[in-house]
Amino acid sequence: MAAAIRYAMRHVGQTATNPSVATLIVRDDGEGPRIVGRGVTAIGGRPHAEPVALAEAGALAEGATAYVTLEPCAHHGRTPPCGEALVAAGIARVVSAAADPDPRVDGKGHAILEAAGLAVTRRLMAGEAAETVSGYLNRHREKRPEVTLKLALSADGKLGSKGRGQVKITGPIANAQTHLARTRHDAILVGAGTVLADNPRLDCRLPGLAGRSPTRVVLDPRLRTTAEMAIVRTARETPTLIATFADADPHRRAALAAAGVGYVACEADPRTGRIALPELLEDLAARGMSSVLVEGGAETAAAFLDENLVDRLVLLRGEADIGDDGIASPIDVAAARRRFRLIREYRFGGDHSFEFARREA
Ligand SMILES: NC(=O)c1ccc[n+]([C@@H]2O[C@H](COP(=O)([O-])OP(=O)(O)OC[C@H]3O[C@@H](n4cnc5c(N)ncnc54)[C@H](OP(=O)(O)O)[C@@H]3O)[C@@H](O)[C@H]2O)c1
């Protein structure tokens, strides 16, 4: 199952409304267990992992064990449900990890298998597998994408320096990790302040993974983003959405739309007059997005934290100070430890990475 979970990671963020799931078909003909079929949900979400693994196994699936990282689906789409495909291939035993909260599946996948006489072992490494589909699970539970806030902090807790544009805070290893994290999300979101100050590209530039850049979303109620900005110039290669109010300047809107930029019409938060974030997240979920990586800046990060919308927090802390004129981060490692649960800690060259998750209610 550990190998299946690692395999499932391969397409996280690339499978649209479907979770990235893996299946390994394993058989033991007396010389120890052997993997005879592998499948991971295809990019775009179809086909599912099970039929891909069964096709590779062919006749060797007969009497074998299938390890699946999520309960096999039970509903008829254009193809028969994966539960039925496992039965038809002669699989003898299914070991599953995470449970699927989709009401069309939720226990029904296992029921198909058991009714056909297959042995079923549930919830092996369920917690680890749930991590790989956490966005999908969150979208079903909360009706919004899972939000990861990622911030790079200088040693003195600053995010940047006013008027200096993008300030180098972390080194190449940490930066590559950020690019990898981008590929695993459906969207990257920033505030207009960051687009104006840094003119970032917000894509994945790792060799071989350039095609995996997620949709970029900018909170820009006054449409300050212009056609010269990098995210607009590349909007035809990497989808770009501007979250703005319905009454935003129609001329600017038309100019950006002509460059390939899309829009999400937002409501105003009656308290602050700013873009209402819970409703925006609901709209992104309705577009099939399960995970959003919020990459700042300071005001945007503070707004997500204040609204208690941060499910995961990644703090990358560099070695150098920025100084007193720096932009203070709304959260530092000490405050994060109090509010969130530390789940991983890494060292990337001279930088430290801290990954936190929401504390269970
Ligand atoms: N170290 C890091 O990880 C990191 C990451 C990103 C950026 N930065 C740095 O942060 C600085 C920019 O930060 P910033 O605070 O000025 O900009 P920001 O958070 O990127 O953008 C703030 C703007 O977003 C718009 N907005 C719309 N709805 C909002 C809402 N609900 N909550 C918050 N903002 C909303 C507002 O635009 P309107 O004012 O037009 O209404 C607001 O002014 C730059 O110096 C950049 O280099 C650092």
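Any Cβ shown, glycine's included, is placed from N, Cα and C.
Because TrEMBL annotations are produced automatically, they should be read as predictions rather than curated entries.
Since this is a predicted model, take the numbers as computed values, not measurements.
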Name the residue, out of E279, E282, E295, that TrEMBL lists for the same substrate site as R182, L202, R205, please. E295
Quick check on the annotation: TrEMBL has H48, C73 binding Zn(2+), so which of C82, C204 does it put in that site too? C82
Return only the integer: C-alpha distance in Å from H48 (Zn(2+) binding site) to L202 (substrate binding site). 29
Cβ under 6 Å from an atom of ligand 1: which of these binding-site residues qualify? The list is C73, C82, L202. none
Cβ within 8 angstroms of the Cβ centroid of R182, L202, R205, E295: which residues besides those meet this for the substrate site? T178, H179, I188, P200, R201, D203, C204, S213, R216, L293
When you measure from the Cβ of D198 (NADP(+) binding site), how many other Cβ atoms are you left with inside 10 Å? 19
From the recorded positions E50, R182, L202, A298, A302, pick the residue whose C-alpha lies nearest to the C-alpha of C82 (Zn(2+) binding site). E50
Pick out which of the recorded positions E50, E295 has the most other Cβ atoms within 10 Å of its own Cβ. E50
